[in-house]
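Some notes on the structure that comes next.
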Amino acid sequence: MGKSASKQFHNEVLKAHNEYRQKHGVPPLKLCKNLNREAQQYSEALASTRILKHSPESSRGQCGENLAWASYDQTGKEVADRWYSEIKNYNFQQPGFTSGTGHFTAMVWKNTKKMGVGKASASDGSSFVVARYFPAGNVVNEGFFEENVLPPKK
């Protein structure tokens, strides 16, 4: 397997998440060693099969998950920027989950406290990134999106 996520990559992803979270007036996330380890293990599993698919919910406890694939070795900021760019499709007037905005809403979910991230390279040079969030965002209960996905501050 290729190289695993470096401390620099972890910090890049975390910094980008927290800069975006700040725009939405929600508390910063902290990196969690256990979540980093689990995300790393799963990114390596994805890289070995070269198939991008979410892990079974039962295997990640109460964690949410974002995934990213690129044909090259992607930077942490690039991954976070790509997930966050889904904000353009999010309707703050009609909050809720849609498949086209789930990466963005997971990133800025107010109640999420911790994250972990992993990256692995496949034999063809492509890279797989896994982010895990605790507690998970994108909870579809009544009122949860209104409370947790706040519009960016002016």
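Heads up, the Cβ atoms here are built off N, Cα and C, so glycines get one too.
As recorded in Swiss-Prot:
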type	residues	note
REGION	1-21	region 'Disordered'
LIPID	Gly2	N-myristoyl glycine
COMPBIAS	9-21	compositional bias 'Basic and acidic residues'
DOMAIN	14-132	domain 'SCP'
COILED	30-53	coiled coil
REGION	91-98	region 'Interaction with CAV1'
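Below 8 angstroms of C-beta separation, residues 1-2, 4-5, 10-11, 14, 60, 63, 67, 69, 113-122, 124, 126-132, 134 of the same chain, each at least six residues beyond the ends of the coiled coil (30-53), sit close to that stretch. Across the domain 'SCP' (14-132), mean pLDDT in this model comes to 97.
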